[in-house]
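S.K.: Okay, handing you the structure first.
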Amino acid sequence: MYRLPSLKKNTRINAIAVMTSGGDSPGMNPAIRSVTRAALNQGIRVFGINRGYSGLIIGDFTELKSGDVSNIVQRGGTILKSDRCEAFKDPAVRHQAGEILKEHHIGGLIVIGGDGSLTGAHLLTHETGIPVIGLPGTIDNDIYGTEDTIGFDTALNTALEAIDKIRDTAISHERIFLVEVMGRNSGHIASQVGVACGAEMIIVPEIDFKLEALCFSLASQRAEGHGSSGIIVVAEGPKPGLTYRLANQLEAQGEKPGVCILGHIQRGGRPTGHDRVLASCLGAASVTYLLAGFTDVMIGMIDSKITATPLLDIMEKRKPLNPQLVELAQLLHK
Ligand code: ADP
Ligand code: F6P
């Protein structure tokens, strides 16, 4: 099962900092707990940075003791708060952030967040020389270098719980429902949710979609005796409003679709067991890598093994969507 790295300590780091950034995800808290306890166990002081890069650039740090991370392994959200900080895109502001870390004698930083946060992490270490390690914390599961991101499994299960309920109504009223899930530019949430809820169709940004194909598929499913109800899972895509536009197009074709936008419900809630184990393994491993002298990498998990992928790769490469999942959902309706 999960094998943790056994790297030798190779640095003189006495204090590290940890922060969460971008959209919160369930599992950030167990990751913070793991980073904190793994460092404290090796005699390293730990500072929590409040509100992501917004807190970093003003030195909003709180020293974390073991008790500060008690009873958070089961809690959604992030005790450190999270934020999106436009100012951090300015190199001068990142320089200032580096100076603040040096003033506090912080020898390394662990950033937990999505691809945007990890881009900021790469630029920070590249420009200031402060060692930085990234952890993939986002529900979107769109990060190269790890099979699952911290929070994805919980979001998947939250969406499923909601869709199972929507299906009851869809069946009772013999209607189809368009259910929009999050994921920004990626369809990773939609494709897995779609297969797991038995969706009639999955619509994702990575695969061209044709309205005629959807209408044809609904008509043939009815002709084959599958009834008039159904769930179509739609990935939100980069521009808001896609699902309502699609509903209008379907109405023009004589359908009466219901629309349900799941939204931020997918970001909250207690992390699943999978997310807690993943966050705990990656959190402890990030400290091991930092103390061994690594920087500018993201710690992930592939085939139950801990991996360290250059942050530059995370920025430049896209995690491919598995198109077979989208096809499978439709195949299982024939
Ligand atoms: P996520 O980390 O969940 O993908 P965002 O894309 O909103 O969320 O990024 C979170 C934060 O990371 C941004 O608000 C910003 O502070 C920082 N960030 C994102 N992109 C960059 C960039 N190109 N340069 C520097 N910092 C960035
Ligand atoms: O990146 C996580 C995510 O939840 C995306 O799936 C979604 O598009 C975005 O964040 C929503 O961001 P906000 O919370 O700023 O509305």
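Cβ from N, Cα, C; glycine included.
Values in this document were obtained by computation on a predicted structure and should not be read as measured data.
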S.K.: Which one, Arg3, Arg167, Arg245, is listed by TrEMBL in the same ADP site as Arg33, Ser34, Val35, Thr36, Arg37, Gly198, Ala199, Glu200?
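M.R.: According to TrEMBL, the candidate sharing the ADP site with Arg33, Ser34, Val35, Thr36, Arg37, Gly198, Ala199, Glu200 is Arg167.
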S.K.: Check TrEMBL: it lists Arg84, Cys85, Gly114, Asp115, Gly116, Ser117 as binding ATP. Then name which of Gly23, Gly27, Gly183, Gly187 it lists for that same site.
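M.R.: The candidate from Gly23, Gly27, Gly183, Gly187 that TrEMBL ties to ATP along with Arg84, Cys85, Gly114, Asp115, Gly116, Ser117 is Gly23.
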S.K.: Around ligand 1, within a Cβ distance of under 6 Å, which of the binding-site residues Thr138, Glu200, His264, Gln266 show up?
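M.R.: Near the molecule: Thr138.
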S.K.: Counting all other Cβ atoms within 10 Å across every protein chain shown, which of the binding-site residues Val35, Cys85 scores highest?
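M.R.: Selected residue: Val35.
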S.K.: Taking the Cβ of Arg84 (ATP binding site) as the centre, how many other Cβ atoms fall within a 10 Å radius?
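M.R.: Taking every protein chain into account, the count is 15.
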S.K.: Quick one: of the binding-site residues Gly23, Arg33, Val35, Arg37, Gly116, flag those whose CB is under 6 Å from ligand 2, and say none if nothing qualifies.
M.R.: Gly23
S.K.: Can you see whether DSSP assigns Cys85 (ATP binding site) to helix, strand or coil?
M.R.: coil
S.K.: Rank the binding-site residues Gly23, Gly198 by the number of other Cβ atoms within 10 Å of each Cβ, and give the residue at the low end.
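M.R.: Counting other Cβ atoms within 10 Å of each of the binding-site residues Gly23, Gly198 gives the minimum at Gly198.
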S.K.: Mean pLDDT for the domain 'Phosphofructokinase' (16-289), as a whole number?
M.R.: 97
